Amino acid sequence: MLRRYGVLTVSRLVACTSSDLYCCPGGSRALHFSLLRAVDGKKSKDDEPKINLDEIDEALKKESAGGKGFDEKFMNFKQKREQAAHDRSHIFSWKAAVGTLTVGGVALAALLYMREKRTAENEKRRKLMAGKARIGGPWELLNTDGKLEGSEQLKGNWLLIYFGFTHCPDICPDEIEKMIKVVDILDADPQKKFSIIPVFISVDPERDTIERVKEYCLEFSPKLRGYTGSREQVDKVAKTFRVYYSQGPRSKNAPDDYIVDHSVIMYLVDPDGNFHDYYGQNRNENEIANVIKLKVIKHELASRKKKSWI
């Protein structure tokens, strides 16, 4: 600056040497102090300070070159301030991530809780409706060996019960085949956790003898257990499970040729002998099997919990 303009007046130099450290070009403390040193402390007679132009020129060169050696403490302070700002932003990002994960975890837990609560309420409502209808209970009929057998002897097993008759032209065969498929799906479990016994109970005791029921069951699967009995015995079991059935009209020429109208429902009974669920024609074998798996698991967990309380 001095070389370019030739002369730096004392008044301007004095202005630069004021207490304001940032009046000099670039606001550099080092340059400011260099200018102060360049001014000769001894004044002339006219009270004009003497100026050392070489020192000022050297200071300007160092300033324009970046002056790394100038004011190192000031530069370190700036770096520390930038580092502190970086650290604060890093801490903020970490805290934000933790906060997001925490909020997300709480929301997920709340969602799962509400879902479980809704499922439990639906199950409770379903059981309440079944309880009002009082479906299921003790029963006893003749098995295919001609012996009395029923709920007491079958306790400890899951049962899938279907009421029908052997002369049924289409609905009964379709539903029994579906029931056997359900059993096969459940039996395919390697650990045999979902073993279930399929049961056929005749609602046509007049025509469905022990021998006929035995042959009929074997046509579908050796797993299928068949039961029949007297009119009184069948009526009692049908009433226990709230099964509707009614004989159709008979002709004089063929008195044994008639249709029996009846409920088309499968009943799920748990190992304790209690009614657990029911399935209509609208459910396929895979749907029924999946529901039964869930029922079995829940029943097992409830049984373990009950034993732990005892």
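Note that Cβ sites are derived from N, Cα and C of the backbone, with glycine treated the same way.
Per TrEMBL, the feature transmembrane segment maps to 91-114.
Look at TrEMBL and you will find 114-302 tagged as domain 'Thioredoxin'.
Among the features that TrEMBL reports, Cu cation binding site is placed at CYS168, CYS172, HIS262. Its own atom aside, the Cβ of CYS172 (Cu cation binding site) has 22 Cβ atoms within 10 angstroms in the protein chains shown.
Under the DSSP three-state reduction, CYS168 (Cu cation binding site) is assigned to coil, being neither helix nor strand. Taken from TrEMBL, the feature disulfide bond covers CYS168-CYS172.
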With Cβ-Cβ distance below 8 Å and at least 6 positions apart along the chain, what are the contacts of CYS168 (Cu cation binding site)? List them in sequence order.
ILE259, VAL260
Please compute the mean pLDDT of the model over the domain 'Thioredoxin' (114-302).
91
Any same-chain residues 6+ apart from HIS262 (Cu cation binding site) with CB under 8 Å of its CB? Would you list them in sequence order, or say none?
PHE163, GLY164, PHE165, VAL203, VAL243, TYR244, TYR245, SER246
